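To start, the structure under review is shown below, and the notes come after it.
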Amino acid sequence: GVGSAPQVRITGPEEDGVRVVCMASGWFPKPQVQWRDLSGEKFLAFSEAHTQDAEGLFSVEAVLVVRDSSVGNVTCSILNPVLGHEKVMAIFIPGAVTLDPASAHSNLVISHEKTSVTLKDSCVTSGDTCSVLGFEGITSGRCYWEVEIRDGDQSEWMLGVCREDVNRKGWYVESPKKGFWVVGRFERGYCACTEKQTVLSFMQAPHPRLRMGVFLDYQEGDVSFYNMADGSHIFSFSQASFSGTLFPYLMIISGVVSLTVFSKVGGSEGLPAALSNPPLEEPVSLPGAGFSSGSGAEGLPGAESPLLPCNPEAVSP
């Protein structure tokens, strides 16, 4: 028989990519699983496991690691090999996201590629909280991007997400109540900007070169941070109630530090890779999901992911 439609979710980073899981149940005989990219090309390297219940019906779980956000749509299809019936679910991985110079504090320098931010040489220490946002807003779905931090001594910075309507003028302190879900480094070391700062002990001493993965699940209200050196989980903000548009957020208070966003999973150029999973009954080209530039993009609830908070401040130009 034909069982349930596949459910696709992102469960976090793995190796140099993002782990995507496809699950379905109630199939007989044992179903066949196939992953395809936007052009219809099959992914050959993935794992799958089958279980059979007391009634003889099969459940399947297939895991694919997506290493390049440029593949666009990724579909998981479940096929009954006898009847030829197929059900499909897809995720959409949009193109690169860049930093928005118009949102940057006047003390910040944005690279020509709009992927890196530093403090101006004349501003080793700023009286303001100097921040910049990603160019494209996030209104639904699941998103993942990475930030490389090249860190000097005594630098202070934050990264994560914020609401579109937050106050970023002058000196401010981030927290979830104020619309910021961020982590970063202060004088005392790494921390998450919860209502009362949470000290993070994932690294005993500040590292001159650190790479963090940020995983946002809009519908589930989760923001999670990962240390991409080993894929370990750093911190999560969970059960948040998001509304309106969220933006990737980078902030520098002081020090010689550069923050660079990456759009290709495991890549070295660009910024966020947004992932969302509208359910389909047949392979189709999905509309943009997850990221939007003012218009509300459609996307379904996120998967299981953690969420994080921290505390600095930014100023509008």
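From the backbone N, Cα and C atoms, a Cβ is placed for every residue, glycine too.
Automated prediction, rather than curation, is the source of TrEMBL annotations.
Listed features, source TrEMBL:
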type: DOMAIN; residues: 6-90; note: domain 'Ig-like'
type: DOMAIN; residues: 77-268; note: domain 'B30.2/SPRY'
type: REGION; residues: 285-317; note: region 'Disordered'
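In the predicted model, residues of the domain 'B30.2/SPRY' (77-268) average a pLDDT of 86. According to DSSP, the domain 'Ig-like' (6-90) comprises 3 helix, 53 strand, 29 coil.
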